[in-house]
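Residues or ranges marked as CTP binding site in Swiss-Prot: Ser13, Asp148, Ile149, Glu150, Lys188, Thr189, Lys190, Pro191, Thr192, Gln193, Lys224. Positions annotated as UTP binding site by Swiss-Prot, on the basis of sequence analysis: Ser13, Lys188, Thr189, Lys190, Pro191, Thr192, Gln193, Lys224. Residues annotated as ATP binding site in Swiss-Prot: Ser14, Leu15, Gly16, Lys17, Gly18, Ile19, Asp71, Arg240, Asp241, Ala242. The L-glutamine binding site annotation in Swiss-Prot covers Tyr54, Gly354, Leu382, Gly383, Met384, Gln385, Glu405, Arg462. The domain 'Glutamine amidotransferase type-1' feature in Swiss-Prot is assigned to 292-534. Marked as region 'Amidoligase domain' by Swiss-Prot: 1-267.
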Amino acid sequence: MTKYIFVTGGVVSSLGKGITAASLGRLLKNRGLNVTIQKFDPYINVDPGTMSPYQHGEVFVTDDGAETDLDLGHYERFIDINLNKYSNVTTGKIYSSVLQKERRGEYLGGTVQVIPHITNEIKERVYRSGRETNADVVITEIGGTVGDIESLPFLEAIRQIKSDIGRDNVMYIHCTLIPYLKAAGEMKTKPTQHSVKELRSLGIQPNIIVVRTEMPVSQDMKDKLALFCDIDTKAVIEARDADTLYAVPLSLQEQNMDQIVCDHLKLDNPAADMTEWTALVEKVRNLSKKTKIALVGKYVELQDAYISVVEALRHAGYSFDTDVEVKWVNAEHVTAENVQELVGDTDGILVPGGFGDRGVEGKIVAIQYARENKVPFLGICLGMQLASIEFARNVLGLEGANSSEINPDTPYAIIDLLPEQKDVEDLGGTLRLGLYPCKLSEETNAYNAYNEPVVYERHRHRYEFNNQFRPDMEKAGFVFSGTSPDGRLVEIIELKDHPWFVAAQFHPELVSRPNRPQPLFHDFVRASITNKESK
């Protein structure tokens with residue numbers, strides 16, 4: 001029978017529930033269990049697709065085209081699985097589904113209420129995640145903090161699940177904070193005690209408490225927490241700030257967290273073999289070289305907006321025993337006069353995805369700098385579109401060339417709406433989303449990176465390269481190295497007379513893994529290292 005683990009949070013948000021859940025998933029997978037994982041977000045948006053990155057951070061896209069929480073990126077990178085649309089559920093999705101059922105008459109005229117209709121819908125999403133993947137274990141992270149009004153239906157639903165399927169099949173893990181008061185020179189357990197008290201008042205008794213802390217947690221403190229929170233002392237797990245996220249699974253294993261979980265759920269599996277993971281962490285901790293990459297973006301104040309990009313750069317660096325330092329460059333501040341000052345000390349330039357016109361001209365200046373100075377360049381989504389526009393303006397001489405998204409009146413719409421997007425009015429969930437094939441041309445940097453004729457990558461865009469400009473740009477040295485199999489859509493572009501200048505319409509960062517870097521990022525970092533060594 002499928003087992004269910006629920007991860008909740010208390011005291012404050014941003015405690016690392018997602019990393020804890022992902023780390024536990026890695027440990028259980030390495031015990032030979034089929035693990036899937038999901039995130040419940042209590043906001044009323046149907047998904048984060050139309051939310052500002054300042055509000056929510058990165059939007060992570062799954063193979064099947066779901067726009068989801070950035071925690072799913074952590075889940076995929078840690079557990080090395082591809083998640084789906086059932087892996088991220090919001091209050092908006094739940095209520096939308098229930099209201100549609102009510103309109104269809106599925107409740108037979110009954111009064112639709114939070115209990116049982118909303119809670120039943122939540123439970124069905126939990127069970128469905130396990131069914132769709134035939135999982136041995138489903139890990140569900142509940143977003144928000146215990147005590148929030150928004151989380152109550154989710155907490156009630158996961159309380160009911162234990163009654164529905166039995167205590168041996170359900171486990172609750174609660175993540176809290178033990179603050180350190182510098183003035184007093186001591187740590188305080190009271191916030192954790194009150195958080196657990198709040199959780200128990202809702203009918204949920206945690207089986208494990210994971211305490212986030214800056215300082216070591218003494219045995220006396222663990223005993224105190226165990227007494228007041230009514231759990232075993234061994235089930236108080238310390239989550240210290242780590243030098244690398246990838247060390248967290250090893251820390252949890254040292255404290256036997258995965259064994260406690262297996263004992264409670266009556267899972268008789270051998271201990272997790274973490275030899276390869278340990279070697280990865282040792283490599284990360286002992287990188288001997290450095291390279292610096294300029295990330296020119298519009299959301300650089302909130303680095304979570306580009307978290308998968310940064311992780312993909314790091315993964316690529318691991319392959320070359322290199323620590324990739326990201327230099328954050330606000331695109332709004334970049335001009336032709338200061339671009340040398342802002343990116344001249346870097347070994348490579350990356351322009352990530354985005355929407356809207358803010359910062360666009362600064363990105364184009366940075367792209368021109370990379371092209372003219374032979375600096376390795378990687379463009380992603382909007383970065384690919386702007387690389388095309390920069391070439392049209394400054395090589396072909398098409399003054400005013402632009403994207404119709406940025407300037408609907410441009411005389412040269414190098415980037416235009418996809419034909420199937422012309423009549424779309426809704427913003428949410430209507431982009432070209434998910435996994436699509438890309439056919440590569442031989443003897444190109446893109447083909448050399450992948451070494452395969454056809455690859456599959458995840459997309460999130462509404463605009464596309466305008467094919468009427470392809471002949472002129474090809475004549476000028478612009479290479480269309482990747483297209484859709486029918487040749488209609490441009491997927492990858494590069495430059496003929498440049499050491500490494502590649503840009504993709506898709507989001508390669510989404511499929512990178514710490515032990516298996518994404519090919520374009522791998523070769524981009526290699527080119528950046530070569531550039532540094534040649535200076």
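Glycine is no exception: its Cβ is also placed from the backbone N, Cα and C atoms.
Since the structure is predicted, the reported quantities are computational estimates derived from the model, not experimental observations.
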Long-range Cβ environment of Thr189 (UTP binding site), under 8 Å and at least 6 residues apart: Ile178, Met221, Lys224, Leu225, Phe228
Residue among the binding-site residues Asp71, Asp241, Glu405 whose Cβ has the most other Cβ atoms within 10 Å: Asp71
Local confidence of the region 'Amidoligase domain' (1-267) - pLDDT mean: 93
Which of Ile149, Leu382, Met384, the listed binding-site residues, has fewest other Cβ atoms within 10 Å: Ile149
Whole-number Å value for how far Ile149 (CTP binding site) lies from Gly16 (ATP binding site) (Cα to Cα): 21
When distances run from the Cα of Ser14 (ATP binding site) to each of the binding-site residues Lys190, Pro191, Leu382, Met384, the nearest one: Pro191
Cα proximity to Lys188 (CTP binding site), best match among binding-site residues Asp71, Gly383, Met384: Asp71
Three-class DSSP secondary structure - Lys188 (CTP binding site): coil
Residue pair Glu405 (L-glutamine binding site), Gln193 (UTP binding site) - Cα distance, angstrom, rounded: 52
Largest CA-to-CA spread of L-glutamine binders Tyr54, Gly354, Leu382, Gly383, Met384, Gln385, Glu405, Arg462, angstrom: 23
Alpha-carbon distance [Ser13 (CTP binding site); Asp71 (ATP binding site)] in Å: 13
Other C-beta atoms that fall within 10 angstroms of the C-beta of Lys224 (CTP binding site): 16
Candidate with the highest Cβ count within 10 Å, taken from the binding-site residues Gly16, Gly18: Gly18
Around the Cβ of Lys188 (CTP binding site), the count of other Cβ atoms that are within 10 Å: 14
